[in-house]
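*Asks:* Sharing the record's features from Swiss-Prot:
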ACT_SITE  His250  active site, proton acceptor
ACT_SITE  His329  active site, proton donor
BINDING   Thr252, Thr331  substrate binding site
LIPID     Cys417  S-farnesyl cysteine
MOD_RES   Ser9  phosphoserine
MOD_RES   Tyr110  phosphotyrosine
MOD_RES   Ser169  phosphoserine
MOD_RES   Ser227  phosphoserine
MOD_RES   Ser239  phosphoserine
MOD_RES   Thr262  phosphothreonine
MOD_RES   Ser358  phosphoserine
MOD_RES   Cys417  cysteine methyl ester
Amino acid sequence: MSTSFARKSHTFLPKIFFRKMSSSGAKDKPELQFPFLQDEDTVATLHECKTLFILRGLPGSGKSTLARLIVEKYHNGTKMVSADAYKIIPGSRADFSEEYKRLDEDLAGYCRRDIRVLVLDDTNHERERLDQLFEMADQYQYQVVLVEPKTAWRLDCAQLKEKNQWQLSLDDLKKLKPGLEKDFLPLYFGWFLTKKSSETLRKAGQVFLEELGNHKAFKKELRHFISGDEPKEKLDLVSYFGKRPPGVLHCTTKFCDYGKATGAEEYAQQDVVRRSYGKAFKLSISALFVTPKTAGAQVVLNEQELQLWPSDLDKPSSSESLPPGSRAHVTLGCAADVQPVQTGLDLLEILQQVKGGSQGEEVGELPRGKLYSLGKGRWMLSLAKKMEVKAIFTGYYGKGKPVPVHGSRKGGAMQICTII
């Protein structure tokens, strides 16, 4: 063996050995038990999404270790933005306004490049700062996953005083702690479809709207969709449901209103919610439906998914109850001045009618399945073959208000859309 080959072998083998040791060790450490690190289905699914991992925690709590592990796990197509690299000392942002400006410019630059996995490593203890990041995620259509260390000392200021690299005092750490003690709750939790699954379902919904709009049975019922006496022979349903989600589609589980909604904190603290946060699921779509107010897709939840479904969401206006998960849906569009929450209510009314014995009238067969008219302008396409869509369970943390949605690689602003 030549000495040059021996030297190369000697430097190469320890790297492989270290990589195996680090990955196997991670599986055994409770502080590293995150689906996006340990579950290979989740890792594969996240490669199909645009995700902003926002690290939160006190200095020395283990954020940077987690950030490096995420980058190592997803390697290609991953970028980390660390406050440390900008010499930002944890504390008041006002003291580092120029540094944060540069950090945000770099982060936005990666967003414009459609980097699949972005990791932001900072304390992120201030609500105002997080709101800025959530708005950026909305603008570039990134889903957000908040990541907090699970280390035993993460909130122990006495230990953190010895561990943090900035040599912050006990008082400095105690000032940062209040913003990190409570769970940060989203506007709502839900399953967020991958980009490919969103496009597939969105296209299926659009084709259904076009087919329904051209169907002779639908044309006879236009009065439910058109106000006034002016006769009309056809309606463009794609334009009618012009209020559509701009980015990835989603199926809401629990509306939290950032912790203000009834039962929000109890839901977020459930062990199954904590374990499932940031994890991949496969949702089953059984039907597409249209009412004068909304267009949506019915989701059939399996036993695992039902564990994440709140028990109080399937109660229609009448007293007769429906099975758990009945309200599960994906909003595909809303008519003007209609809020997205109406989609689930419309689905409950349809299912309540079916349960009461009124199946509706089968009026024909479309390429994807049988079309039913349920009266009052309500239509359902029962899919002959269920659609399977991939999704990540996480939260939506933005304001749910119109934001300028930016193009990616072309760089221009596209339009102003409402997140629904």
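Every residue gets a Cβ built from N, Cα and C, even glycine.
It should be emphasised that the depicted structure is a prediction, and the values quoted were computed from it without experimental measurement.
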*Asks:* If one looks at the chain holding His329 (active site, proton donor), which residues at least 6 apart in sequence have a CB under 8 angstroms from its CB?
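*Replies:* For His329 (active site, proton donor), the qualifying residues are Cys251, Gly296, Ala297, Gln298, Val299, Thr343, Gly344, Leu347.
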*Asks:* Compute the C-alpha separation of Thr331 (substrate binding site) from His250 (active site, proton acceptor), stating it in Å without decimals.
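*Replies:* Per the Cα atoms, Thr331 (substrate binding site) and His250 (active site, proton acceptor) stand 8 Å apart.
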*Asks:* C-alpha of Thr252 (substrate binding site) to C-alpha of the residue listed as 'phosphothreonine': distance in Å?
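*Replies:* If we compare the Cα positions of Thr252 (substrate binding site) and the residue listed as 'phosphothreonine', the gap is 16 Å.
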*Asks:* Express the distance between the Cα positions of the residue listed as 'phosphothreonine' and His250 (active site, proton acceptor) as a whole number of Å.
*Replies:* 22
*Asks:* Given the modified residues Tyr110, Ser169, Ser227, Ser239, Ser358, state which is nearest to His250 (active site, proton acceptor) when distance is taken between Cα atoms.
*Replies:* Ser239
*Asks:* Using DSSP, would you call Thr331 (substrate binding site) helix, strand or coil?
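*Replies:* In the DSSP reduction, Thr331 (substrate binding site) maps to strand.
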*Asks:* How big is the gap, in Å, between the Cα of Ser358 (phosphoserine) and that of Ser169 (phosphoserine), rounded to a whole number?
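*Replies:* So the alpha carbons of Ser358 (phosphoserine) and Ser169 (phosphoserine) sit roughly 69 Å from each other.
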*Asks:* When the number of other CB atoms within 10 A of each residue's CB is tallied over all shown chains, which of the recorded positions Ser239, Thr252, Thr262, Thr331, Ser358 has the maximum?
*Replies:* Thr331
*Asks:* If one looks at the chain holding Ser169 (phosphoserine), which residues at least 6 apart in sequence have a CB under 8 angstroms from its CB?
*Replies:* Lys161
*Asks:* Look up the residue listed as 'phosphothreonine' in the DSSP assignment and reduce it to helix, strand or coil.
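*Replies:* Going by the DSSP assignment, the residue listed as 'phosphothreonine' belongs to neither helix nor strand, so it counts as coil.
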*Asks:* For the residue listed as 'active site, proton acceptor', what is the tally of other C-beta atoms lying within 10 angstroms of its C-beta?
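*Replies:* So the Cβ neighbour count for the residue listed as 'active site, proton acceptor' comes to 23.
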*Asks:* Round to a whole number and give the Cα-to-Cα distance in Å for the pair Ser239 (phosphoserine) and Ser227 (phosphoserine).
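*Replies:* Ser239 (phosphoserine) to Ser227 (phosphoserine), Cα-Cα distance: 16 Å.
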*Asks:* Whole-number Å only: compute the distance from the Cα of the residue listed as 'phosphotyrosine' to the Cα of Ser227 (phosphoserine).
*Replies:* 47
